[in-house]
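Asker: Please see the structure below; I have some questions.
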């Protein structure tokens, strides 16, 4: 696949897009630090009283339902509606889709308000969102990404979204187009917020370029290569989390281009 | 004391129990990472709309009142009620018990809904919960764990709970049975969320074995030994927090057995 | 400027003041760990049901509007009112002032309830708060600290507050008195929560001494010198965050005195 990773990363760092996040309590700090390390400017606001105004000054909106509750859902809906009106890209992370009826109902509501530019989740979540019969286990995937190809394609066609499925091989689907990203290391599943940060990084890239398929691929490659860089420093999860943030800042456009494994 | 630490840790890692946490904002990331590092699978959900469903798929429920407010208390109550109905183990962490009348009132309410399988706190919290006249200082203990033996025993008898008191020596009480765990280092009190993580780890162990007294001892030993391992790498709190997470993943069943100091 | 940094740090560590924080979700863990590392005792409580009681046992109140919503604003108001009644020092961190009308309205409300002892923000926030016409970009500053001298002075005179503006040079203003702190490194702007922690550390110092101008200077110097110490260990943001927490614990009173650069 012919993607100019170098130029995208240079642009991200020079433009430092403001990414508005309505995300979960568990990952907020890590996600904000990941965006800062990569070169973006994060803002986290969720109140119905201000999300529309924050969306208006942001380059992209990231919505993550990891620790949802009604006041937050109200903020998500207003923010998505406003983003759609302003043609701002939206990334939706359906954390724990399938785990509870409430999550499923909220996701259905959100998807009637606006079609996400990118939907990013693990295989269980994507399959649950597409209505596939799948047993989920909380927020961790019980399926491998390639199993979700049919579900991802169906979702992509239904909502006109790019669907990005994280796993040993990341699967990125845009209608009939498919890309496979083979970067990353298994240890990434042992640190909370890696998937959420992948969604946020996708938000950063989709804020600076008009092709969401490329933005999603780019984010998957950036996450995966930085995971590989961190893994060369440490194989333990606490220090890996830190080394991963370091890698997001340390990676050069050339590193990224050379290390990308996309088919 | 004759506890098979090795087998318990092997079981934890092979079974990777889902632990449902309703916990405080300060420690969510650290707690989730601690559970993942130890080998469990964390989920954090608090909304009244979904906690019962999440409890139903989890192996244990951990309730921590560190940053409580009415909507969260509503979620805690529903979750504890459902856990009791389904015979799922409950760990209660009474963070800041005694610091405000609201905390005391909420704890009393929660304890009328279900008897926790394990109550884990510091000495001030356990003494406050038992009605001992104790001045607390926010969320840090003003008493040493051994001072709380009478309070811990009273609580254990009243609720049929195992009571685990963290301190220089951890005290674990189940009715008339008492265990003393002498693992750990003082630096652990200088990192936020260590106690909260001890409660979560207790949740992981009580999810995979039927003896809550052993599960509480096991969690205290696991925390303490990992603290000792981390302290060998660093004596400063930022890097200690990271080294501690690394230790939770790195520790072998043999390490744990050999290093345990339980009386 | 003749400030006894050594004695202040010795006092902080020996008195370990309880600092009550109503702060944002993104930085809670980092802020709590920063306070613990520095030698203070943090508590985080926000519910209207208990904030007044928590303020009553605390040495200072820190209010940070980073992820505000109506229930939290209710807690902030009660806490500030109670702190004023009890003559407890208040630090206000107007995160994202100017970014949305809601933030501006809330800040105005808070400032009618009590005059903060210290207001600490970046230049954009301070200028927005003073009514200067400034375009903000989410929560990151678009202006340099020295540009905000007029705004800081106006705010200081209006509310009788010490105003501390973080930037390449920190500006601390108390009426007509001005101090410039030249400690710190640019990498500090790439870690989320550095400014929020500066406010919390200011809360710790103002809890133990009666001169808020000195307390604000002291906090700025402590943050800056610890940033410099961390930067000697690493130039990457993930590990810098950790090294910074280490530095807060490791710094000696002598280090601080010798490294301070205040004019």
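FYI, residue positions are counted from 1 along the chain as it appears here.
Yeah, the Cβs are placed from backbone N, Cα and C, and that goes for glycine too.
TrEMBL annotations: computationally assigned, not manually curated.
Quick paste from TrEMBL:
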type	residues	note
BINDING	C:44, C:193	substrate binding site
BINDING	C:120, C:166	ATP binding site
Asker: Which of C:120, C:166, C:193 (binding-site residues) reach within a Cβ distance of under 8 Å of chain B?
Answerer: none
Asker: Return the residue, from the listed binding-site residues C:166, C:193, with the maximum count of other C-beta atoms within 10 angstroms of its C-beta.
Answerer: C:166
Asker: Whose Cβ, among the binding-site residues C:44, C:120, has more other Cβ atoms within 10 Å than any of the rest?
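Answerer: Its Cβ has the most other Cβ atoms within 10 Å: C:120.
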Asker: Return the binding-site residues from the list C:44, C:120, C:166, C:193 for which some CB of chain A is under 8 Å from the residue's own CB; sequence order; 'none' if the set is empty.
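Answerer: The binding-site residues close to chain A are C:193.
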Asker: May I ask for the distance between residue C:120 (ATP binding site) and residue C:44 (substrate binding site), taken between their Cα atoms and rounded to an integer number of Å?
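Answerer: Their Cα atoms are separated by 19 Å.
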Asker: Measuring Cα to Cα, how far is residue C:166 (ATP binding site) from residue C:193 (substrate binding site) in Å?
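Answerer: Given the Cα positions, residue C:166 (ATP binding site) is 12 Å from residue C:193 (substrate binding site).
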